[in-house]
Amino acid sequence: MRIIFEEKTYSVCCQAHKRESYQVPVMGHKGDLCKLYNEDSLQTLCSVFEHQFNKQHKYREGSDLEDSGREALLVSSKTTSGYSLLYAIWKTFRPAFVKVVLLRLTTDILSILGPLTLRWIVLFCESQPVFDWAGYMYSLVVLGAICCCAVSRQQFERHGGVTTANIQTVMAGVLYRKVTLSLSHSSQRQPKLPDTVPLPSREAECVGGLVVSLACFWSSPLRVALYLGLLWRELGPGALVGVVVMLILIPVNSAVQRKVKLLQTTQQVIRENTEELVKEMLHKFQALKLLAWEPWFHQRVTKSRARELEMLRVLGYPTAFSMLDSICMPFLVLFFSLGVFVLGDDGNVLTASQILTSLIVFSLLRPAVMDLCWLFSGLEQAYQSLCHLEKLFLTKDPDDKHCDFNDGKDHGLFQKSNGEAHRLYLEAFGWHWAAESTLIYLSVCAVCLAQYVVLSVWTREAKEVQGLEEWRELRDSRLAAYALLGLVQVLLVCCAAYCQSCGSLRASDALHSELLSDVLHLPVRVDQTIDLKKLLQTFTRDMQVIDEELPKHLHGWLKSLLEILSAVAVIAFIMPVFSLAVCPLVMLFLGVQCQFSAHMKTRRMESNPVVSVSSQECVEDPLSGPKEVCVKHHLQALNQNLLVKYNRIITESWFALRLDAIAGILLFLVSLILLETQLDSGIVALALICAQNITAPLHRYTQAFSDVNTGMLSMQRLCEIARIEKEAAWIVSHRPPFDWPQRGEVVFRNYDCDALYNLSPALRGLNLTILKGERIGVMSRQKADTEGFLNCLYRVAEASNGAVLIDSVNIARVGLHNLRSHLQIISQVPVLFSGPLRANLDPFARHTDTQVWLALELCHLKEQVRQLPAQLLHPVQRTSIALSLGQRRLLCLARARLARVKILLVEEALPSVDLETEQLVQRLVHTGFKDCTVLWLSQNPATVMHTDKVLVLNKGQAVTFDATSTVLEQGSLFSQ
């Protein structure tokens, strides 16, 4: 008995929840996780599934093949009806399917006990029987019904969730192994097959939904029939009117959802464009910083982001409709049902028991009707997924390589959130919008309670009516008051949706702008301190959470909290003695909530990427040996992910069961107190309705609390980026003269510079002077020396001692943009940005088209550009593949011509650049930049033979700085 009790109440989770060490840094601390049963392990499930699939397929094909000692992975076939796969799933998970269906049916039958027992309590208060103990029996029955229904429902959720996770994991594991190890090169080239390869997770998810769909196939009609029977007994034909209202609103809701999908498709295109811009910005970050073009890219990203926010604003309208549907639908259904009931016959008088039963049963009927309406579309989608997966499973398989399903090491990563993220989001949201939203939601709850009060007063006054005319007058006035409150509720919900939309858009705009500004102010070599992939994920996934998910979760959290508080306040107002029980119930809830960190950690573990090798990487060469290692790693990660899913489902059931127990205790206490008071049955019904309505908001509050904390992890990552040390100011108050530098003289005075991220050697004791118009060759055996020299001129690395003077101005006292915009570099790998060709030459539009054409002509590119369809507006690809390396170097030279700088740096060209183009570059630099100081950075002595002087560096120190001929005669590192 103790074992059964612990299993049904999930007491085994308590030990893990109590541990402070319930943190699994890399998912390797398995002692804190509940273990899978052997029959639920990935190895066992996959073995049984493959056996059943091959057995059914051989039966359908009529094959007489005998089983060999080592079973083939999956056999081939030309038919893809989906039945073989469905049969294999059924045979593998048949006990789980049967258990889930039985638990669903049991839960549905037990769900009607709640409204029935509450109705009996109201009737008991109306009739005032001789035996007082009967009321206490009703209260005990209420508590027992709630507990039994809660246990049955959580058992269904647990077994349904575990079975769904098992099916999804088995599909993903077998499919991955099939694609990686068993598909030959010829089978991968079969037509239409690649359409199914990239979508295993989505197809497996659809097939896993069969568990819920099949359970609803049996339970939904039963639930609808039971609830309609109860409503018909209370309201007669009026109950059917309420159902008709539900059915009418379902197509409307479907049309809105279709429109939302179209808008989301457009939004996804815009988001992908923004993502591509951000990706390009991060990949070409160094070139962007050295050119001082951050404002230009900031403007481009902001413009694309503005279009994205506009789509979010448009999506706010269907969001408002969804809020109206969820909040105002119960009012519309009850209003039309009660209206038809009382207007259809003057003899129909509302009673408290009718209102109580109608409110509760209608709230139960709506999910059942929705499940029934969406059942067939869900089954159709699951069948299509079955066909797609079976087609892939039955692809020709000449190879029978296998790998075992073994447990492997765990992988995961935890990040903690704190109050700083919440505060920053609320500041970005706007305190005034937050306050207005709270007040409006509070008003919505008040109006909802006022509707219940009107119905309660209506039933009480109906008992005192003497004549027919008085009854009709009372009926019309109360029905009108109820309708007016519903109209006020609609207006308030629209106002709440408007405030939420304005606040969330304000937060999205402010946070993205701040994030973009923080990233653009990061140092040039930020890739040495931050993973650029994680930085890109912050711009994409984290911002998507902040844009779409976090406002919705905050709305759900606030709405649920206010619903709970308002219901408790009404109950305490009706029965002041109930206030004594509020404190213990709150302490009990907080005690359960304190253990919520365990559930949060399992959710984070499940959402973290557990596989470091993608399927595309392994599919490229499916017959090579290392692919077996790849598949083993993937399957180990899948097995571990299944373990985490199992623990997440267990913890969710643990919390849900405790929350149901708290709600059941509250309802039990309310019913006991009501039995001791001499209150009108309408007031009793009002108190019971408020107590019953606490259960659903309690679950929604806990779920929203979890979702908000998960979403705040994205905010936390934004805070971490904001705390990273930034580079020096772009523009300072004491700017150099507008025409600085006029001469282009560069002086190093005892210049020392520490190594930058151990990439370039430290520069020590540089003392040299570069005069106006000189051609200087900066030589070193190591590229790190020339990069260190470049870094000190661009202030990528700051001086630890000494100074660099350009025209007698210390560059350390100049803003980075003032400095870098007056330098130009022809890099070894020239970088062009996506967009028009003209924007790559003059992004800030400071020159006329004539000047741009002149620069192109001087760089021998005019005729080539004229042959382009759009000429100066010709789009440059993000990869710049359409232009050769030499052409890009010439375009960078044209960019330098337009900038009219006095200091030009030219890096040695790559060997892939043809000799003729490089000679043209040298000739153009020699003829077109006569009044400029030119610094040639090279490791090849031949490329700096034409310079006036040569600076030879070795491990950060100047070995020689003299005329080229003199250095060559002296015989040094240069001559080597």
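Glycine residues also receive a Cβ, built from the backbone N, Cα and C atoms like all the rest.
Feature list (source: TrEMBL):
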{"type": "DOMAIN", "residues": "100-381", "note": "domain 'ABC transmembrane type-1'"}
{"type": "DOMAIN", "residues": "479-608", "note": "domain 'ABC transmembrane type-1'"}
{"type": "DOMAIN", "residues": "748-975", "note": "domain 'ABC transporter'"}
{"type": "TRANSMEM", "residues": "101-121", "note": "transmembrane segment"}
{"type": "TRANSMEM", "residues": "133-151", "note": "transmembrane segment"}
{"type": "TRANSMEM", "residues": "238-256", "note": "transmembrane segment"}
{"type": "TRANSMEM", "residues": "314-343", "note": "transmembrane segment"}
{"type": "TRANSMEM", "residues": "439-458", "note": "transmembrane segment"}
{"type": "TRANSMEM", "residues": "479-499", "note": "transmembrane segment"}
{"type": "TRANSMEM", "residues": "564-592", "note": "transmembrane segment"}
{"type": "TRANSMEM", "residues": "655-675", "note": "transmembrane segment"}
(message) Let me check one thing: do the transmembrane segment (655-675) and the transmembrane segment (479-499) come into contact, meaning three or more Cβ pairs under 8 Å with sequence separation of at least 6?
(response) no
(request) Counting only CB pairs under 8 A, let me know which of 133-151, 439-458, 479-499 has the most with the transmembrane segment (101-121). (result) 133-151
(message) How about long-range neighbours of the transmembrane segment (314-343): same chain, 6 or more residues beyond its ends, C-beta under 8 Å?
(response) 231, 235-239, 241-242, 245-246, 249, 253, 256-257, 259-260, 263-264, 267, 349-350, 355, 358-359, 362-363, 366, 444, 448, 451, 475, 479, 482-483, 486, 489-490, 493-494, 496-498, 500-501, 505, 552, 555
(message) Are there residues at least six beyond either end of the transmembrane segment (238-256) with Cβ under 8 Å to its Cβ atoms? List them, or say none.
(response) 228, 231-232, 318, 321-322, 325, 329, 332-334, 336-341, 344, 358, 362, 365-366, 369-370, 373
(message) For the domain 'ABC transporter' (748-975), what's the mean pLDDT in this predicted model?
(response) 86
(request) Tally the residues of the domain 'ABC transmembrane type-1' (479-608) by DSSP class, grouping H, G and I as helix, E and B as strand, and everything else as coil. (result) 119 helix, 0 strand, 11 coil
